[in-house]
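Trainee: Following this message is one structure expressed as structure tokens.
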Amino acid sequence: MKSINAYTDGSCLGNPGPGGWAVLLRYKNNEKELVGGELDTTNNRMELMAAIMALERLSEPCQIKLHTDSQYVRQGITEWMSGWVRRGWKTAAGDPVKNRDLWERLCAATQRHMVEWCWVKAHNGDSDNERVDVLARGQAMAQRSTVASR
């Protein structure tokens, strides 16, 4: 089973507003960047999309160390999801879980991989985290330009 390091980040200008996500996948000396964006989204949705794309783009089951600066993503998948599912996708307060569509997609994407969820502090000198931050922000800005040109 291949060992992959993934760095993910999401960005949103306005929250809600134009947003972008970015992934850096590293296997041995090989790297691949993945990016995308949406016209009207939130930061949390872009953080989730980055993690989803990191996992979905792997063509075979892998051991993956997924680095995110989003506690929302890390805690959601490692701590909160089992309770949400048990309560029929309701929070502990009884409210519907936000971004359920993406949480379900992320859960499905994890099934064929061995994932270690690693939190990294944002804007704290981690060069790979900074790299995906710049890429995600660039995608959000590109989406904003698309909106402005309409």
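Sequential numbering from 1, following the chain as shown.
Cβ from N, Cα, C; glycine included.
A quick note: this is a predicted structure, and the numbers were derived from the prediction, not measured.
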Trainee: Glu47, Asp69 show up in Swiss-Prot as binding Mg(2+) 1; which entry in Asp9, Asp101 does that record put in the same site?
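Mentor: Among the candidates, Swiss-Prot records only Asp9 at this Mg(2+) 1 site.
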Trainee: Hey, what's the Cβ neighbour count for Glu47 (Mg(2+) 1 binding site) at 10 Å?
Mentor: 28
Trainee: From the centroid of the CB atoms of Asp9, Glu47, Asp69, the recorded Mg(2+) 1 site, which same-chain residues not already listed sit within 8 A by their CB, in sequence order?
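Mentor: Checked against the 8 Å cutoff, the neighbours are Thr8, Gly10, Ser11, Met46, Ala50, Thr68, Ser70, Val73, Ala122, Asn129, Val132, Asp133, Ala136.
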Trainee: Express the distance between the Cα positions of Asp9 (Mg(2+) 2 binding site) and Glu47 (Mg(2+) 1 binding site) as a whole number of Å.
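Mentor: So the alpha carbons of Asp9 (Mg(2+) 2 binding site) and Glu47 (Mg(2+) 1 binding site) sit roughly 5 Å from each other.
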Trainee: How many other Cβ atoms sit within 10 Å of the Cβ of Asp69 (Mg(2+) 1 binding site)?
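Mentor: Counting Cβ neighbours of Asp69 (Mg(2+) 1 binding site) within 10 Å gives 22.
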